[in-house]
Structure formats: C-alpha cells, structure tokens
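What follows is a single structure, written as structure tokens, with notes after it.
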Amino acid sequence: MAAAAVRTLGSSLGKNIREVRLHLCQTSAASKGARDFVEQHYVSLKKANPDFPFLIRECSGVPARLWARYDLGREQSVSVDNMSAEQVAGALKTLVQSKP
C-alpha cells in the first residue's frame, strides 16, 4: 500500500510544495516506520523528482515528524511517531495534496 501511495505521488511533489523534511531518530522504536519509509521509498521518490528537496534529518531522541514547505514560506507538519511506513506514505500524500 505504501508503494502505491508513493507511485501516485510520482513527479507531482514539486507542483504543490517546495520542500519536504522528515525528522527522525536513528534508533528509537517510535521512528521505525519513518526509517522504513526512507529505506523503501526514498530512492523512488528522488528518481521521480530529482531536483526536488526531500530532506532527511536525523537526531537522537527527536520525535518523528514530516514537514512540508509551501509557497510564501508557509509550512505544515504532521507527527509520524509510531506510524508504519505505509502510514508515513499516507501522511506525505495528505501533505502534498493539502493547501494551507
């Protein structure tokens, strides 16, 4: 299911948003889904969007959170703590489709 959500995004990341940041902890159980999402889908997202800034920020003890930056510097974030890779993909899809 996560792969399907990532495929539906395709190269549409840059149409609605300017940047995506994923903050996660390298070791915590709460960030496991975020780490799994990166391992499984980062390469395909970057291949489909080679010039789009999709940033991974690792910091010990930080809660997993997905950030989207839109036009005019507006940002929106959603917690992805304790989510599976599929749920992280769904959260990304929601952020891409929303217009704050």
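Indices start at 1 and increase along the chain as displayed.
Even glycines carry a Cβ here, placed using N, Cα and C.
Sequence annotations record features per position, and here TrEMBL assigns disulfide bond to Cys25-Cys59. For 26-99, the entry in TrEMBL reads domain 'Ribosomal protein/NADH dehydrogenase'.
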Site of maximum Cβ density within 10 Å, from disulfide-bonded residues Cys25, Cys59: Cys25
Within the domain 'Ribosomal protein/NADH dehydrogenase' (26-99), residues counted as helix, strand or coil by DSSP: 36 helix, 15 strand, 23 coil
